[in-house]
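Working notes, structure below.
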Amino acid sequence: MSDAAAPEEQDELSGGSVQELLPGLQRDLEAEVIRGFIANIAIYPVLLLYFFGTFAYVTRNVVPYEFIDEQFHIGQTITYLKGHWFTWDPKITTPPGLYILGWLNYKVLKPLLKSWSTLTILRLVNAFGGLVYFPLVVLRPIFLFNAISFWPVALMSFPLMATYYYLYYTDVWSTIFIIQSLSIGLTMPFGLSKSIWLSALFAGISCLFRQTNIVWCGFIMLIVVERQAIIAKQFNTHGLNNYLKLFIHSVEEFQTLVLPYALNFVGFFLYLIWNRSITLGDKSNHNAGIHLVQVFYCFAFLTVFSVPLWFSKNFLRMYLERTNRKQVQVFFEIFLIMMVIRYFTKVHPFLLADNRHYTFYLFKRLINHNRRIIKYGLMAPIYHFCTFVYLEILRPSELLFDPISPLPIKDPNLLPVQLTHISWTALILCTFATVVPSPLFEPRYYILPYFFWRLFITCSAEPIWGEIVPGKSNEEPVTISSTSRLFLEFVWFILIDIVTLIIFVRYSFPWASEAFMQRIIW
């Protein structure tokens, strides 16, 4: 669904089953949706057995003790369980959302699971959230809205988040609450006003788990206002004019569309005044700065995780053709990336001192290699390609408009889950705003940039390696489908999950300062 305004695609926007792409070439959208539903229904129970079985094994046999940051998170939750609500560990840098949720979870489950340890019960918070609540409550409504673009069973298996289903970290519920906000903002299940207030509430709650979620709260607000303004103000191809229409509509409908989210910004501003910093606790090791190369780290991770979505002969050919066609421009783009590597790479002491994370090995052996041919000559072109992937995979999913005629859709709730040129720009800016200030090279920080990017991607139906050959005029049209790519995305995530789990289970080493064996995670 790339060009919603094109006349030949009005059938698709209004719910048509077969989409004619070219003479002799079509997509059967209804068949793709049915296959997607069947696959998700069949895979989900097996996935639950795998993840909960793995959870039991890891918790009992691999790390039946507090692991890395868990010592702070578990300790603070136990402090709350003891009733010491105003005692705070100064080494903790995130708000108390996880500890309040953990306290509630413990109070509910401990009477039912008396023989279970406190550690296991608290870890169940993330296991339940990621494996049950996230796919069924958060992702399912968007899937029903846009079933040919992603599978919930794949996104719940996303490796950067699935790792923390076994541990007591803030990332799972931070993601759940902010994506819940987006889900409600897109689908409006309770009517316009109630849905927006509920969406804003979930966005605000998510900030109790990670402060930078306030940025994504702003993005969700823009999405909500934009989807209403597209219809009310009849967006067209005049880009700057659409910005003005969006602004006018946000002012006219401030109380309904903007105020609920604006209250979150007011609360966050008061928090900054009170705390004098975005970081709680250990501010000395988490000073914000300009770490521009983080953007390329993020794009590189997203490119690797999205291989099944973009990889094809045609996509690679498109990159090479652009490189050949714009050689001078590409040269300066790569030169600019080299300058970013040279002057905007921050080496945090934690990164070089902690060999329990993949980033330690990636940074030491590849990203910051002492040979310049690798650090600059290899990594700069890689970052250039990854940036191309990030931008180009979104381009076919952009919602386009006609210069004169308005969209055939009259109800904002029926708009496809696509970005316009405005929200497309906002997504990039929000990604910059969340990753650039961080001094730490932490893949966990790329979870939300990934989900906000992935949920707006319309999966390609192009064959991965073959060529599309439309049927002849006297033959049945050739039907292409995105089902195989969506299935491969799920398989790709599961393979990464299994490999990282094997490394986590099989490879251990001692630390002089720790009583238990240490292991490697993201």
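In case you wondered, yes, glycine gets a Cβ from its N, Cα and C as well.
Residues or ranges marked as transmembrane segment in Swiss-Prot (evidence: sequence analysis): 36-56 (among others). A Cβ distance under 8 Å defines the sequence-distant neighbours of the transmembrane segment (36-56), meaning residues of its chain 6+ beyond its ends; these are 123, 127, 130-132, 135, 143, 147-148, 151-153, 156-157, 162, 165-166, 483, 486-487, 490, 501.
Here Swiss-Prot flags 119-139 (among others) as transmembrane segment. Taking Cβ pairs closer than 8 Å, the transmembrane segment (119-139) reaches residues 44, 47-48, 51-52, 55, 59, 64-66, 70, 74, 77, 98, 101-102, 105-106, 109-110, 113, 150, 152-153, 155-156, 161-162, 164-169, 172-173, 175-176, 179-180, 183 in its own chain, all 6 or more past its ends.
If you look up Swiss-Prot, you'll see 142-162 (among others) marked as transmembrane segment.
Among the features that Swiss-Prot reports, transmembrane segment is placed at 172-192 (among others), with the record citing sequence analysis. Note on the transmembrane segment (172-192): residues 97-98, 101, 125-126, 129-130, 133-134, 137-139, 141-142, 144-145, 161, 164-165, 198-203, 205-206, 209-210, 213, 216-217, 220, 223-224, 227, 256, 412-413, 417, 447-448, 451-452, 455 of its chain, located 6 or more positions outside it, place their CB under 8 angstroms from a CB of the stretch.
Residues or ranges marked as transmembrane segment in Swiss-Prot (evidence: sequence analysis): 205-225 (among others). Within the chain carrying the transmembrane segment (205-225), a Cβ under 8 angstroms from the stretch's Cβ atoms is held by residues 94-98, 100, 170-171, 173-174, 176-178, 180-182, 185-186, 196, 199, 246, 249-250, 253, 257-258, 261-262, 264-265, 267-268, 271, 278-280, 422-423, 426-427, 430, 433-434, 448, 452, all 6 or more beyond its ends.
Summarising the annotation, Swiss-Prot assigns transmembrane segment to 254-274 (among others).
Under the DSSP three-state reduction, Asn275 (N-linked glycosylation site) is assigned to helix. Taken from Swiss-Prot, the feature N-linked glycosylation site applies to Asn275.
According to Swiss-Prot, the transmembrane segment annotation covers 292-312 (among others). Outside the transmembrane segment (292-312), and at least 6 residues removed from its termini, the chain residues within Cβ reach (under 8 Å) are 158-160, 337, 340-341, 344-346, 367, 382-383, 385-387, 389-390, 392-393, 431-432, 435-436, 438, 441, 443, 445-446, 449-450, 453-454, 457, 459-460, 462-465, 485-486, 488-489, 491-493, 496.
Away from its own ends, the transmembrane segment (330-350) comes close to residues 285, 289-293, 296, 322-323, 363, 368, 375-376, 379-381, 383-384, 439-441 of its chain (Cβ-Cβ under 8 Å, at least six residues beyond either end). The transmembrane segment annotation in Swiss-Prot covers 330-350 (among others).
Among the features that Swiss-Prot reports, transmembrane segment is placed at 373-393 (among others), with the record citing sequence analysis.
Here Swiss-Prot flags 421-441 (among others) as transmembrane segment. Taking Cβ pairs closer than 8 Å, the transmembrane segment (421-441) reaches residues 212, 215-216, 218-219, 222-223, 226, 239, 242-243, 246, 286-292, 294-295, 297-298, 346, 348, 350-351, 359, 363, 394, 398, 448-449, 452-453, 456 in its own chain, all 6 or more past its ends.
Swiss-Prot lists 446-466 (among others) with the feature transmembrane segment, giving sequence analysis as the kind of evidence.
Under the heading transmembrane segment, Swiss-Prot lists 485-505 (among others), citing sequence analysis as support.
Looking at 142-162, 254-274, 373-393, 485-505, the range that has the most CB pairs within less than 8 A of the transmembrane segment (446-466) turns out to be 142-162. Asn275 (N-linked glycosylation site) is surrounded by 14 other CB atoms, counting those within 10 A of its CB over all protein chains shown.
When Cβ-Cβ distances under 8 Å to the transmembrane segment (485-505) are tallied for each of 142-162, 254-274, 373-393, the top count falls to 142-162. Within the same chain, residues 29, 32-33, 36-37, 39-40, 43-44, 47, 51, 130-131, 134-136, 171-172, 175, 182-183, 186-187, 301, 305, 416-417, 443-444, 446-447, 450-451, 454-455, 457-459, 482, 486-487, 489-490, 493-494, 496-497, 500, 522 sit at least 6 positions outside the transmembrane segment (142-162) and bring their C-beta atoms closer than 8 Å to a C-beta of that stretch.
Residues 296, 299-300, 302-303, 306, 309-310, 315, 318-319, 322, 330, 333-334, 337-338, 341-342, 366-367, 453, 457 of the same chain, all 6+ positions outside the transmembrane segment (373-393), place their C-beta atoms under 8 angstroms from a C-beta of that stretch.
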